[in-house]
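Colleague: What follows is a single structure, and I will ask about it in a moment.
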Amino acid sequence: MATTTETAAAAPSLKRRFMELLAKPWSGVAMLLVFYLILIAVFSILSPFFFNTRNMLQIGLNVAYIGLMAAAGTPLIIAGGLDLSVAAIAGLTGVMISLLVGLGVPVWVAVGLALALAAAIGVANGLFTTRLKLNPLITTLGMMSIVSGIALVLTGGLTRPLMIPGFNWIGNERVFSIPIPLIIMVVTFFALWLVMTKTKFGRFIYAAGGNAEASRLIGIPVERTVIVLYVISALAGAVAGTILGAMLGAAGPNAAGSQLLTVIAAIILGGTSLNGGRGSVWGTLLAVLILGTLNNGLTLLNVSSFWQDVTRGVVLMLAVSLDQLRNRALGE
Amino acid sequence: MATTTETAAAAPSLKRRFMELLAKPWSGVAMLLVFYLILIAVFSILSPFFFNTRNMLQIGLNVAYIGLMAAAGTPLIIAGGLDLSVAAIAGLTGVMISLLVGLGVPVWVAVGLALALAAAIGVANGLFTTRLKLNPLITTLGMMSIVSGIALVLTGGLTRPLMIPGFNWIGNERVFSIPIPLIIMVVTFFALWLVMTKTKFGRFIYAAGGNAEASRLIGIPVERTVIVLYVISALAGAVAGTILGAMLGAAGPNAAGSQLLTVIAAIILGGTSLNGGRGSVWGTLLAVLILGTLNNGLTLLNVSSFWQDVTRGVVLMLAVSLDQLRNRALGE
Amino acid sequence: EDFHGFDPSSFDGNMVSAEQLAAMVVDAIAANAPRNGQKLTIGFANLQRDISFCLKVEQGIVANAEAAGIDLQIVDNRLDGATALANAESFLQRNVDFVIEFQTDANFGATIMQKMNEANTKVIAIDIPMPGATFFGANNPKSGFMGGAYLGQAAIQKFGADKVKTGYLVVGELPQSGAVPAMRTNGQVAGFKGAVGEFADAQVIKIDTKNTLEESFTQMNNVIGRIPEGVPIMVTAINDQAATGMLRAVKQAGREADLIVVGMGADEIQTLIDEPAFVASVGYFPERYGNFLVPLALMELAGKEVPDTVLMTHYMVTDGNVCEFYKDFACSATPDAITFELPEDAYKAHLEEIRKLPELQDSLNLIPTN
Amino acid sequence: MSSTARLSMRGIDKSFGGVPVLSNVELTLEAGEVVALLGSNGAGKSTLVKILTGLYSRDAGIVEVDGQAVVFGKPADAIAAGVKLLPQEISVMPDLSVGENILLGDLPMKPGFGFKQVDYKTIHIRATELLAQLGFEALDTHQDVKRLSVAEQRIVEIARAIAGQARILIMDEPTAALTEQEAELLFAIIRRLKQQRVSVVYISHYMSEVFEISDRIVVLRDGRNAGDFVTRDTNKAAVLAAMIGATAGDLYPTEPPPPPGTDVLKVEGFGVRGKIADVSFAVRSGEILGIFGLVGSGVEVLGRALYGAVHSERSGQVTLDGRPYRPSTPQHGKEAGIGFVAAERKKEGIIADLTVRENIALPFQNRFTRGLFVSTEAETGHAQNWIRDLGIRTRGPEQKLRTLSGGNQQKVCLARWLVEGVKLLILEEPTRGVDIGARREIYGKLRELTAKGYAVIILSSDVEEVAGISDRSLVLDRGRVVEEFSRGVTPAALMAATAETQTA
Ligand SMILES: Nc1ncnc2c1ncn2[C@@H]1O[C@H](COP(=O)(O)OP(=O)(O)OP(=O)(O)O)[C@@H](O)[C@H]1O
Ligand SMILES: Nc1ncnc2c1ncn2[C@@H]1O[C@H](COP(=O)(O)OP(=O)(O)OP(=O)(O)O)[C@@H](O)[C@H]1O
Ligand SMILES: [Mg+2]
Ligand SMILES: [Mg+2]
């Protein structure tokens, strides 16, 4: 024991200060940030094409629609929900806009109608999982199947053109050389951060997910909170679908479907707990950027998509290990 | 209070007996069984091709490899784990067998080696999630990416032939006119049921998932239990891959990948809780059969695949609602 | 052999008349009575119903089946071997008289064919060969080579031969789809080189489009930083959808002036017409597949001799000739139109080469002789 | 002496995230000895015993069992050495049966089809036997534990702890959810174990229990040893002085309460279907009404029904401040000016991943909202006031509630409701797990609040508490009010009121 005390005394305030830093609530996010910076450094060294404003913005643009869905999914999962239908909603939205415009509806009215439809789907998800207490995984998986089925039926399975004057700028233009989709994503993250940390509603999100029973007993409208979050998630899916459609100039019935797992993975990698109660949008943002950067960097390095899969798996594990190292250090 | 007792006495044994039945632990599974029977009845009426031994066995054969993965995933999720890499392991297994046989290894030795590799992957999943305490969703998602990446690299992305004398019978033959894959699946379910309900290990599964902290406290080897279950899941993936390869006479690097969500959905639909501690393999079996029957019945009815998606979503929601109706009746 | 005016070796691809079809059905029923005792039933297993190419194939088959007055049962293989197998079983369950299979991979063919043979059900395989089934589909090496060569020639016309050599060829691949479709993308590279002569391998970039518009877009976005400013960006891909996604990415990066695109399949006609950089696409005419397939099926049912391989004839589709193939679209003269010539020698050499590839030994019948 | 001791822990250090929790702590235990471990909330008692059973690692120090140095890496190691812990927080497997929960650590097996099978029949027989020792032979051992009340779950855990052969048994606040009768049965068991030379560490905040059952009393204060007494040679005052560093005054406020004001809540013929019937009473401002009842008496739903947290059909008339009041959700109760603290802290009280500040400010967020946003400063100020006033032991308002000791979590739950506009507090088991110093503070605080016009209803299964703090008290039994007492009632009289109807 004497020795332990000595060493503890020998490496005094410095180690302790470090431990205190590690114990801060944001230190998990900081770990991811460090990981992200390392990734950027590695790619900058390996590829001459990687580190420049243009490519960095390009990464942001590539992940914008994924980031949007992941952003909105974060508070939902924190509050104890789960939305597997979000990517299907993105697909349906693009299709709806294209079909409505084809029927002569002005494009922004069409967007509005598609958003309204998405909100309705969100309400349905919310009601089913809260009022009827159905399992969120099965419910939203079912909803995913229904929504993408409808999109397929509506289009007969075809990708529809979406080149509409006065519309595609939302996917293609830049403001001060920053792509608009990226701006929309960043603003969404920032707004959600404000809501989640600075407002009453935000407190309810964490409370509801942390302990729904206790929250109910102190008079927090748990169900309403969760329903609103399902609606936000569905709306984010719709905006993602709109942006994607505008970027691609076309709307596929299942345009974002392949990204569903990426969205969920980003949220969890960002430190949000599937059990609810814990997480932050900045973690999600970093996770989205890490996944996008990896994809971009490896492609620039001409790594085959198969090896990219292997690398992505390794990086996911490394990234999630970091947080565990931190917990170790804290003796938890 | 007097009135309450009176009414309770007035509506006597019948309702009460029913309620008692509903409260039984197996009543959730019974609900699914009822749902399954209704489904069978509906299709029998609608299609002349549906209700006959051959088609029923065909459904069993179609879902056998999915059922295997779902069967093994059930105790794992009950114990608090999650394996997203199982379908990727199935893909890698087929590929490994084909490659090894190509190198001159006898086919059953090749199968043995592939199973051993799968077991090693399972151990890795288990160690990462228990000893290193990494998040199971991210860890096994990462593993999925690595494993299917390796399968793609090994094959150059191509499907490989797997027509080997003395091998394909395991996918194609029948014993007493029952297809061997179906027999393997049913035996697996039965064996898991025995293990889960009759053995000490089985009780540890439920204890570990119900309350890991408390289990550890009373000396249950929680980590070892979970690691073993990851290995079982990986092995089931490997057997599924073997069977699938034998059935198809070919091994695709991502042969079972599209069924991952089906596997997870079946487990949850079968009444297993993602939070652990609760569930049964029979529920999973029924869920697998329901999904397979739906697919088969709708196809026989010549329903377009798009409408099949919509229908599947609705059926998922209906099936999961049933259990909720039961909870309502029980006043929970 | 001519079957009511349909000769597979010289067929022009335009739908035969309802009367001809009806006559074929009569012959077919005479040789093979419908198994359900009422109507001939053809089962069609589509590859993946939300791919536009596949849908057009399906629509063509539906139109022909309706005109012929026969039943059609359609299933979706969802790009999955196990699903294809289950679907094949469901055809047998339903006692269909004939099966048209559009499935994922040649290697799954043997098992499915075994079941079909046991049930004595004849099969035509689309695009992916199946042993013992009649093959109908694309001429992959040729269509790829044509597209690549066209891209090379058009690029030389647009940028000049010297500048082309400084440029980059970006090919949108689909590596997981196997060796047969890979003949297409490899043909593109060979054709391009055949047209421009020496071209550094380092300037050939291959991306995995995962067969979706958004992935093609994203991956093109990712690699565009590797291509120096001002040099030609020459794009081609496994299909028009992928080419379109790549085109959008280049446009978004503001480098349209350096861009030239040749598509594959000619199923994004509107894009071909609207986008000046999109100069041509290799015509696959999936909407005409049904015009071949249904008469071929009836011919087989009637017990006539049919060739074991029927390959589609491909044509380059451009703004200038689109109206010849698609009546809904008007032709327009473009200043940079070229007179396309297939570099015959290079093409022959390419065919020679791929015939030696080990992964193609099972598919030699799909490699044309010219 | 240390070489013969059953257990010797010396020089134990432990810190969390750099903050020391235990420093140089010592604990010895002889064979057959019952040592009570005492200390305020957060003194480090639970941490010490968790180190002993391998749940936590220690930073420094030696643990010897029978003179052999041991390192328990995990509880299984401790169990193998005969060391068993009954933890402070309920730890059951909710979806397993009562029988399995009790015998899971040592499942009886029988031969089956070629392999050893779990012997369910024996499980239920043995579990029933164990429960019988605790007076719960009627509990159905086949049902899932999640269907049991907290007290019953606690009994299940105790049965689990006494199953099999332990040489050192550690009980961390075993009686916190139990009635006195149930506690007596537990003591009988402990005495029997003592005769079998089992050593027991007994952690409790109930002084009377400690003096009844222990041979020796070890006191921790701020993570250090602060006293070691032989029980029969000492008295409560001395122990208390060691615990809280001051001589103790009376636990319950002694000054006479102010005269009560008008009726705040008036209940007439109130019933909850299947649970309680025909309950009538009133509580006035400035008054503390105690409601005592054993498990199953209805005491567990009465408070909730009045707050709006019960969905079953209700009957009768309730008025709040003279207006009819029918809450159907907790929101209604809260908006009507009622505060409610649930008995089951971990499940229904705390939000473990939120900070102390967030937990305290949660129910009345509007008060801390400035414009669109919640003001963290306002929340912090509010939280800091109550941390100080209630003596909540925490590193600060930003500490996660998860890492607070149990008693301090309880204080946080109470602090939530101490804001303007709340006029009636309904408290279930308000001081369960709260140390004696803090209890005095809480009781004092409740008095202060009533002096400001609050009305308080305390629903408790702790007779002493009800007797000590109430201005008036009701005894509930089988869903009905069986007796009403005024201030100064003795615990014995309260117990007798239930006992009478039990035997009648
Ligand atoms: N995991 C942890 N992380 C950080 N601090 C902790 C952790 N666990 C306990 N502590 C702190 O250690 C101290 C001692 O806690 P402990 O639970 O041992 O107290 P206790 O004496 O059992 O109190 P009580 O009587 O309230 O149960 C407290 O200040 C608590 O906040
Ligand atoms: N405070 C009260 N006093 C007497 N009876 C009440 C009181 N509150 C409710 N009731 C009665 O209880 C029954 C159910 O009440 P209520 O309608 O408020 O709840 P609910 O609608 O079932 O619950 P919820 O809306 O929370 O789902 C009604 O008969 C109502 O009159
Ligand atoms: Mg053009
Ligand atoms: Mg404690």
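Cβ atoms here come from the backbone N, Cα and C positions, even for glycine.
Note that the structure is predicted; figures quoted are calculated from it, not measured.
TrEMBL feature annotations, pasted as is:
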{"type": "TRANSMEM", "residues": "A:26-51", "note": "transmembrane segment"}
{"type": "TRANSMEM", "residues": "A:63-90", "note": "transmembrane segment"}
{"type": "TRANSMEM", "residues": "A:96-124", "note": "transmembrane segment"}
{"type": "TRANSMEM", "residues": "A:136-158", "note": "transmembrane segment"}
{"type": "TRANSMEM", "residues": "A:178-196", "note": "transmembrane segment"}
{"type": "TRANSMEM", "residues": "A:226-250", "note": "transmembrane segment"}
{"type": "TRANSMEM", "residues": "A:281-307", "note": "transmembrane segment"}
Colleague: If I count Cβ-Cβ pairs under 8 A between the transmembrane segment (A:26-51) and each of A:63-90, A:136-158, A:178-196, A:281-307, which range comes out on top?
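Modeller: It is A:281-307 that shares the most Cβ pairs under 8 Å with the transmembrane segment (A:26-51).
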Colleague: Are there at least 3 C-beta pairs under 8 angstroms linking the transmembrane segment (A:178-196) and the transmembrane segment (A:281-307), leaving out pairs fewer than 6 apart in sequence?
Modeller: yes
Colleague: Residues of the same chain, at least six outside the transmembrane segment (A:178-196), with any C-beta under 8 angstroms of its C-beta?
Modeller: 57, 60-61, 63-65, 67-68, 71-72, 74-75, 78, 169-172, 202, 205-206, 236, 239, 243, 247, 280-282, 284-285
Colleague: Counting only residues 6+ away from its ends, which parts of the chain sit with a Cβ under 8 Å from the transmembrane segment (A:136-158)?
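Modeller: For the transmembrane segment (A:136-158), the far contacts come to 81-85, 87-89, 91-92, 95-96, 99, 121, 124-125, 128-129, 251, 253-254, 257, 260.
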Colleague: Please indicate, using numbers and ranges, the residues of the same chain that are 6 or more beyond the transmembrane segment (A:226-250) and have a C-beta under 8 Å from a C-beta there.
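Modeller: For the transmembrane segment (A:226-250), the list is 61, 64-66, 68-69, 71-73, 75-76, 79-81, 83, 85-94, 97-98, 111, 114-115, 117-119, 121-123, 125-127, 129-130, 159-163, 167-172, 181, 184, 188, 201, 205, 208, 256.
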Colleague: Would you mind listing the long-range same-chain contacts of the transmembrane segment (A:96-124), meaning Cβ under 8 Å and 6+ residues beyond its ends?
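Modeller: Same-chain residues near the transmembrane segment (A:96-124) but 6 or more away: 85, 89, 143, 147, 154-155, 160-162, 164, 166-167, 227, 230-235, 237-239, 241-242, 245, 251.
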